[in-house]
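Engineer: For reference, TrEMBL lists these features for the protein:
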| type | residues | note |
| --- | --- | --- |
| TRANSMEM | 47-68 | transmembrane segment |
| DOMAIN | 47-511 | domain 'Amino acid permease/ SLC12A' |
| TRANSMEM | 80-102 | transmembrane segment |
| TRANSMEM | 114-133 | transmembrane segment |
| TRANSMEM | 153-173 | transmembrane segment |
| TRANSMEM | 180-202 | transmembrane segment |
| TRANSMEM | 238-261 | transmembrane segment |
| TRANSMEM | 282-301 | transmembrane segment |
| TRANSMEM | 378-400 | transmembrane segment |
| TRANSMEM | 412-433 | transmembrane segment |
| TRANSMEM | 454-476 | transmembrane segment |
| TRANSMEM | 488-507 | transmembrane segment |
């Protein structure tokens, strides 16, 4: 089904021919030829589960402990709920663009098309740098998780095994990757549900001590709000506020990765139907797993407990999870290994999907002419193998952490990742704001789109302003006291981003595209044809059985 009628297409084409569109912009509008394109092999259930699994990770199961000590149980809940709402607004903004134009160039393609080719260049490389850093970070986490059970095998050997594993999975094509990630994400969800139920049972007294905890840890001297940096600021009210603000910066890192569905649209079957389904479910996964998860953690772990403080400073593993602290407090000892197994699944799934996203981001840049042309080559399975190889080579950064001193380096990398991710969110939101204004300028209604994002346009502006505010002040504690390495890693991504943006603009003399000249047509016909072919193929298969329909709905 076409979403732009022919008369409006003719008007837009005339406007476009009368306007100046440089070569870079024109190249960015075109889909790559068949021999250089990705394959649409991700099924609806795989996209939904990848999106679900991408929304939960070690930021919740491990990093929430840090936020609890700083913000207290109420501060933790409010902080994750606020950033969760911002994350949801980012996702619906992305979903509206992705459902209208499910192209194969990722977020950078939307920034190039709706804002400025220079912004697309900066966003693409910014997002790529994020995944060149976060992939080895997750490989390192997996190596340390395994060391919880045995240290007889050197951690470097485990790291090599994990790198080879995720490389082979990605090399086998999107169908193998999608199927594996489906089961990885399924196990993650089962594990999270189990942890949440365990926490509720512990809180209600179902523990070896038969101690009904209730909201005990929400009252003094533990809660409800934490007192962060009290010795430095010497003001209790200010320290409570700083504790709450610290939960925002922690939650920002925890939610990073939910936007990965925007990378999968280029390889999704029937994207105009499946992408909106996955986006709509984002609200519930944020509410249940993140907000519900931190609520349960605040019930069963006191924010002032020294074991928690030790746990959040430990290297990644079962000892780093507040859920383990909770089981220890009530005398449960056998669950540590189960939780550690869950964490291993979490980090391996994250590393696998991170390598996928990094390679597709580099491919998208190459297709737009913003990276060397060799990276747009694909094999017969539709895998951009030169991009995959380069991103895998960057996994070698993980060996910085073979020595204990390397852990400090990767702590800085976490700061980098959160800033890279925040800049990505801002660019997605700004691209959507301009997309909405371009639709209006061309006389097109958002009501006719395959997916209409709720809470717009104020929702995009609210999320945009909130993300800017959190990012600007995310490194406030680097001044109390002054910590130069943490300050640099908290903020260096910002000048790098603007250097890429302004440098490209000056070099190629690009401009912000006027709303009337934004191209809302190119590529739609090809997507309509792909959609029609897919629907025809599905119809030719005949009616689906009740079991298959149930399986897909799950």
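For all residues, glycine too, the Cβ spot is worked out from N, Cα and C.
Keep in mind it's a predicted model, so treat the numbers as computed, not measured.
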Engineer: Below 8 angstroms Cβ to Cβ, which residues of this chain, lying six or more residues outside the transmembrane segment (80-102), approach it?
Structural biologist: 3, 64, 67, 110, 113-114, 247-248, 251-252, 254-255, 258-259, 261-262, 265-266, 268, 271-272, 275-276, 278-279, 282-283, 286-287, 290-291, 294, 425, 428-429, 431-432, 435, 446, 449-456, 459-460, 462-463, 466-467, 470, 523-524, 527
Engineer: Taking pairs 6 or more apart in sequence, does the count of Cβ pairs under 8 Å between the transmembrane segment (238-261) and the transmembrane segment (454-476) hit 3 or more?
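Structural biologist: In contact, yes.
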Engineer: When you check the transmembrane segment (378-400) against the transmembrane segment (153-173), do you get at least 3 Cβ pairs under 8 Å, counting only pairs 6 or more apart in sequence?
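Structural biologist: Output yes: the transmembrane segment (378-400) sits against the transmembrane segment (153-173).
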